[in-house]
Amino acid sequence: MDQILVKAQTLIEALPYIQKFNNKKVVVKYGGSAMLDPELELNVIKDVVLLKLVGMQPIIVHGGGKEISKWVSLLGHESKFVDGLRVTDEVTMEVAEMVLGKVNKHLVQMVQQLGVKAVGISGKDGATLCCEKKLVNGEDIGFVGNISEVNTDLIDTLIKNDFIPIIAPIGLDKNYMAYNINADDAACAVSTAIGAEKLAFLTDIEGVYQNPEDKSTLISVLTLEKADELIQEGFIGGGMLPKLKNCIDAVRSGVSRVHILDGRREHCLLLEFFTNKGIGTAIINDDSILFEHESGMKEG
């Protein structure tokens, strides 16, 4: 088939999705290996900019864990984790704020180089992310926060003024102390608070598998009932377990669809949002209305 015609058909395939998600808020949790490769990083930012230009309202919540670990090590400290959460003493907290601030402004610069306005904030700005100390099995792991409230005023103002908000996951407690917040938790809380249509987690895995040992069992559309079943039967473990629980919480709190995508895949957001087949796993409510082509892809 003529290559130009193929490109035209790709645009036509995207049309119903562009129409459906026009003016809808979409939260992208950006992290993993896609942050470490400049080419992948540019692809992700191009995708986010295109979402904005076709009428969606993207918000980026980013991590920076690997970069934080690097700088903690350079300062002669050791990174420690409990249940996947970074033990954060005063030195580590200072490093986290420094590194996340650097990452944040770098992402702002990349977006603006592509002709779209962006503003980088941390959860401290406008008291956007209010938190309390997080305990893990009763253990104090330092300045690690559990989000208690999301104040959306600043985010809403930025969106209304045509900016892409880019949020670093640092929060404040009631005494105005800064806390490091897990970026997945922050993305989930933000998407719920702003009434997002979609939340996309960029990870280092394709999505959720029916059988983790068999990569051909990727689930394209996963209902909450089936997700709960996979967890209860022990099919979900490791880092995917808290991530899938976050997805379930977000959908139960009103987010229409939560996507788990391989951020190492070129233009993963566009392929998931604007093509019939998609490339990752979409978690939906049990009674969600499916697109016509999805009826045979649903698990649950």
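Each Cβ is built from the backbone N, Cα and C atoms, and glycine gets one as well.
Taking Cβ-Cβ distances under 8 Å and a sequence gap of 6 or more within the same chain, the neighbours of ASN180 (substrate binding site) are ARG86, THR88, THR92, MET93, ALA96, PHE143, VAL144, GLY145, PRO169, ILE170. The annotation substrate binding site is assigned in Swiss-Prot to GLY64, GLY65, ARG86, ASN180.
In the three-state DSSP assignment, the secondary structure recorded for LYS29 (site 'Transition state stabilizer') is strand. Long-range neighbours of LYS29 (site 'Transition state stabilizer') (same chain, six or more residues apart, CB within less than 8 Å of its CB): VAL61, HIS62, GLY63, ALA183, ASP184, ALA186, ALA187, LEU199, ALA200, PHE201, LEU202. Annotated site 'Transition state stabilizer' per Swiss-Prot: LYS29 (among others), in sequence order.
According to its DSSP assignment, LYS243 (site 'Transition state stabilizer') is helical. Sequence annotations record features per position, and here Swiss-Prot assigns site 'Transition state stabilizer' to LYS243 (among others) based on sequence analysis.
Those same-chain residues not listed among GLY64, GLY65, ARG86, ASN180 yet with C-beta within 8 angstroms of the centroid of the substrate site C-beta atoms are GLY63, ILE68, SER69, THR88, ALA96, VAL99, LEU100, PRO169, ASN182, ALA183. A gap of 16 Å separates the Cα atoms of GLY64 (substrate binding site) and LYS243 (site 'Transition state stabilizer'). The secondary structure of GLY64 (substrate binding site), as reduced to three states from DSSP, is coil rather than helix or strand. Long-range Cβ proximity for GLY65 (substrate binding site), meaning a same-chain Cβ under 8 A and a gap of 6 or more residues, is found for GLY31, ARG86, ALA183. Annotation for LYS243 (site 'Transition state stabilizer'): spatial neighbours ASP184, PHE201, THR203, ILE260, criterion Cβ-Cβ under 8 Å with sequence separation of six or more. For GLY64 (substrate binding site), the Cβ neighbour count at a 10 Å cut-off comes to 22, with all displayed protein chains included.
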